[in-house]
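Some notes on the structure that comes next.
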Amino acid sequence: MNRLAVEIPGLSLKNPIMPASGCFGFGQEYSKYYDLNKLGAIMAKAVTPEPRLGNPTPRVAETASGMLNAIGLQNPGLEHVLAHELPFLEQFETPIIANVAGATEDDYVEVCSRIGESKAVKAIELNISCPNVKHGGIAFGTDPEVAHRLTKAVKSVASVPVYVKLSPNVADIVSIAQAIEAAGADGLTMINTLLGMRIDLKTRKPIIANGTGGLSGPAIKPVAIRMIHQVRSVSNIPIIGMGGVQTVDDVLEFLIAGADAVAVGTMNFTDPFICPKLITELPIRMDELGISSLQELKKERANQ
């Protein structure tokens, strides 16, 4: 038995580690560093129906223990992704989770109805929580009724399981999660970035041209752990956890809090080998802590 294996809807993972969407492109650049077959899965960059240029620059800023970004879902559009990006990923055994975004419900439905045409795509990550886009995005992810309606619409056309990415920029994440689960979502991914800002002392203006950006990195990990624990306490829905993962202990903390698998985001920018490193270190750390397998860890969590 593979002690690191994870089975969740649409995804048979050889290990629970994957790069988060927006931090790995469509994998081509990282494939020059290591074999992508080592990964549990790949969360690909967000896709919208039409190409998007994203927000004006500057749109990235460093912060203490993290970074701000306001990329604005820059991507080449659905047709290009289907024709040129996803075919590259089909050579690997690693399951692909396609991140889908949009400004309207029709945008999401259009992409979700077709993204499964790629044999590499085993699941969809519904990006209803991106805080950078002025029209759509944040609105879908902060209203339980709107999130429920969108999830239901996407589920009616998707050919693969649907995981919904939750925004932490809400007063009650549990009510959002419950509404999405009631709409038929196969799983959740959480959390997306927290809204933040930095000021340039010389210009007296925000460093990010868009004003605000999404805060990611180690600074948000305690928030992610808390929110995953909250949702897990009321639901057994599969969860892919993310938010500030740096170390193998972070991975285990997410799993113990209630995640079934873990995505690594910002650290890919500072260490392109972070995912394979964590995969190598995980069984060693499990031995040190007396954890026989992730399956046993899940059972232990359920009995608490």
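Using the three backbone atoms N, Cα and C, a Cβ is placed for every residue, glycine included.
Residues annotated as FMN binding site in Swiss-Prot: S21, K45, A46, N99, N127, K165, I191, G217, G243, G244, G265, T266. When other Cβ atoms within 10 Å of the Cβ of S21 (FMN binding site) are tallied across all protein chains shown, the result is 27. The DSSP secondary structure for S21 (FMN binding site) is coil.
For K45, N69, A70, I71, G72, L73, N127, N192, T193, the entry in Swiss-Prot reads substrate binding site. Around G72 (substrate binding site), taking its Cβ as the centre, 20 other Cβ atoms fall within 10 Å, counting all chains.
Annotation comment: Swiss-Prot describes C130 as active site, nucleophile.
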For I191 (FMN binding site), the number of other Cβ atoms found within 10 Å of its own Cβ: 28
Any idea what the Cα distance is from G243 (FMN binding site) over to T193 (substrate binding site), rounded to a whole Å? 8
Looking at the binding-site residues G243, G265, the one with the fewest other Cβ atoms inside 10 Å is G265
